[in-house]
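> For reference, the structure I am asking about is given below.
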């Protein structure tokens, strides 16, 4: 043993990490799209590889910057890496998409993804280390008291999402945008959870598998929860093929879904998943009851809410099962030392839910405000000409059909059209037509894109930081 070389843990950072990310994302299936939607092709995901060489992946953002563009880019990357473990086929069949199928599941694509995954996870979830503290001495009794103190039943007050949708200028548009955010999770429901039912760890494993069986409709496809969600989407005029609306997924929606893949993929975080499982199953009862009422208020009797009403019953059972049949036996078997991780999983998930509520509410407000933000162009542009803000400017010339796939900026920007016509996209079903001399204020962290609708469009992007300083 004296001649054994020293062990060097794997680590990727700096230029080597950036190059590895670019190598992964330049796979042709990850290139920009010529359309806002993906059409029944679960292997194509727009990662905007042309931007990735310019991002810093080493400095973990704090919560205040977690909705910046680099985080969105990382969440899109992680979604693609995680989902290479799952089996996807187009609803219309594989014919004509065989090359994309092979490119997505190839050993090279999967190996490149796994190589960058730990660094991407550090970037995506590292901020939670500063957001959650589980110090002190924990016992089975204090854990029970903590779980009893959690308010999973909800109150009478409207949630931020309910306020955003019901207060929107276009409630149906807002509700569709909301439903689309769940597609990465609900269409492959329980897939992250499946990562934790493999292996050998005693009775709790069998209890967890019972939860999975319920999610999969007891082996009956028509009652599988993802099938129920497809019907919900279709009942409000949306398509149900996987990742059709990829470009409309918000940063926080991918963050929430990826969190469970992160916990499930890294088994050293197993007990965090146990905590997150308990909280999500317990709180989903109130969430689904509210979702049923909300969708019926917006769409009337035409909406199919069976997905949500089914969960009202089943998740009452799952919450009790997670506590009595999974958490309690695991603590008895492995001791109080695992309790801080269980609590951490709950608290981290609660932080992510807060971020998700904020992100979605801000996006709906941004979509509703498009006419006013277009009007703001003139005074903001005048302020720039007067020198109120010394803003960097990008001069762009693009041909007809050039699609700027959805992204966001880390500060406010002003889009100014010099000549030509642009369709400015601010969300699903939300767009402006901008002509020469017009423009729009682009708010920090808000998802948007653009399409050129003239033979040529000349425009400018002014990085103003805070548009109010131009007024």
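Placed from the backbone N, Cα and C atoms, the Cβ positions cover glycine too.
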> Which candidate from 318, 334, 448, 462 does Swiss-Prot annotate alongside 407, 409 at the Fe(2+) 3 binding site?
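Same Fe(2+) 3 site in Swiss-Prot: 448.
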> Record says 189, 215, 311 bind Fe(2+) 1. Source is Swiss-Prot. Which of 225, 243, 293 does it list for that same site?
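Among the candidates, Swiss-Prot records only 225 at this Fe(2+) 1 site.
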> Can you grab the distance from residue 189 (Fe(2+) 1 binding site) over to residue 318 (Fe(2+) 2 binding site)? Cα atoms, rounded to a whole Å.
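Answer for this pair: 15 Å between alpha carbons.
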> Hey, how far is residue 311 (Fe(2+) 1 binding site) from residue 281 (Fe(2+) 2 binding site), Cα to Cα, in Å?
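Counting only the Cα atoms, the answer is 9 Å.
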> Have a look at the binding-site residues 215, 407, 409 and say which one has the shortest Cα distance to residue 281 (Fe(2+) 2 binding site).
215
> Can you list, in sequence order, the residues of the same chain other than 407, 409, 448 whose CB lies within 8 Å of the CB centroid of the Fe(2+) 3 site?
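Residues close to the Fe(2+) 3 site, other than 407, 409, 448: 69, 406, 408, 413, 442, 446, 447, 449.
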> Run through the region 'Cupin' (397-459) and tell me, per DSSP, how many residues are helix, strand and coil.
0 helix, 40 strand, 23 coil
